[in-house]
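What TrEMBL annotates here:
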DOMAIN    41-70  domain '4Fe-4S ferredoxin-type'
BINDING   Cys50, Cys53, Cys56, Cys100  [4Fe-4S] cluster 1 binding site
BINDING   Cys60, Cys90, Cys93, Cys96  [4Fe-4S] cluster 2 binding site
DOMAIN    81-110  domain '4Fe-4S ferredoxin-type'
REGION    131-172  region 'Disordered'
COMPBIAS  154-172  compositional bias 'Basic and acidic residues'
Amino acid sequence: MRVYGTGLLKGLKVTFKHFFDRKLTEQYPEERPKLYPRFRGRLYIEPEKCIVCSICVRTCPNGVLSLEEGRDETAKKKRLLSYEIDHQYCMFCNLCVENCPAQCLHFNHEFEWATFSRDQLKVVYQGPAPVEGKETPAPTAVQSQPQKAVTGMGEKEADSPGPDDKREKKKEALKTALAKNPAKVLGRYLENQEEAPILAAFLQNQPQRADKLVELMAEDEDKARKVAEALLKQAKKQGLGETGGESR
Ligand code: SF4
Ligand code: SF4
């Protein structure tokens, strides 16, 4: 015998079953979504922390980043004039953030950035104002071009700095990175990266040796590796091996 209305009753049963459950639908935009701490929204830079090393520009696979740098002859160092982020090409891979030695690139939690034109997705940050009395009248502007996606391996930058300048910059970047995350930096020069904290602990009390190692890292990576291994051996002899192992 055919009973009418069973389908309706089944449907109502499901409805009532979920009627008193915890609500899962977010009433956006009235209700703001809960974002995870590591959510990648909009990329931004803290210009005052930037050391103008251009690592981020070279790291970005999509050519999202570009910067303009000037030279402050009085302070004898480069300074950031402007920094451009073209968000429309960013794929949120985080490579630039991970590789910035000064840790001045970050993602915030901003996700509502629909615009009427793509140009509005380009953000230009101005570099920090020069220290009073230290600015040279007209700093030389050098445009750091973003990396081309696949080609351009053999291309030379027209206004590339001299080898001495480059070495100095590399040294500075390495020093900053070493101070912030010694184990990560030293790990690149050791066969067993796990042992990097031992060497880091050893070098903490040996600033002169640390400086020498940084010099070698900037000038001759093979030599730096050999010296790093030798220093590690010394550190182990001093019994830092057990301390480093425990601390991990
Ligand atoms: S997150 Fe990736 S794609 Fe976006 S700017 Fe950084 S390196 Fe480029
Ligand atoms: S990697 Fe960091 S410090 Fe270097 S230019 Fe980019 S933002 Fe500045």
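From the backbone N, Cα and C atoms, a Cβ is placed for every residue, glycine too.
A separation of roughly 13 Å, to the nearest angstrom, links the Cα atoms of Cys50 ([4Fe-4S] cluster 1 binding site) and Cys96 ([4Fe-4S] cluster 2 binding site). Listed in chain order, the extra residues whose Cβ falls within 8 Å of the Cβ center of the [4Fe-4S] cluster 2 site residues Cys60, Cys90, Cys93, Cys96 are Leu43, Cys56, Thr59, Pro61, Asn62, Val64, Leu65, Met91, Phe92, Asn94, Leu95, Val97. With Cys90 ([4Fe-4S] cluster 2 binding site) as the anchor, the candidate binding-site residues are Cys53, Cys56, Cys100, and the one with the nearest CA is Cys56.
For Cys60 ([4Fe-4S] cluster 2 binding site) paired with Cys100 ([4Fe-4S] cluster 1 binding site), the C-alpha to C-alpha distance reads 11 Å. Looking at Cys56 ([4Fe-4S] cluster 1 binding site) and Cys96 ([4Fe-4S] cluster 2 binding site), their Cα atoms lie 5 Å from each other. Residues of the same chain lying 6 or more positions beyond the ends of the domain '4Fe-4S ferredoxin-type' (81-110) and with a Cβ under 8 Å from any Cβ of it are 35, 39-47, 49-51, 53, 55-56, 59-70, 118, 121-127, 139, 141, 173-174, 176-177, 180. Annotation for Cys53 ([4Fe-4S] cluster 1 binding site): spatial neighbours Pro101, Ala102, Lys169, Glu172, Ala173, criterion Cβ-Cβ under 8 Å with sequence separation of six or more.
By the rule that a residue counts when its Cβ sits under 6 Å from some atom of ligand 2, the binding-site residues Cys53, Cys90, Cys96 yield Cys53. Summary: among the binding-site residues (Cys56, Cys60, Cys93, Cys100), the fewest other C-beta atoms within 10 A of the C-beta are counted at Cys93. Close to ligand 1, meaning a Cβ under 6 Å from one of its atoms, are these of the binding-site residues Cys53, Cys60, Cys90, Cys96, Cys100: Cys60, Cys90, Cys96.
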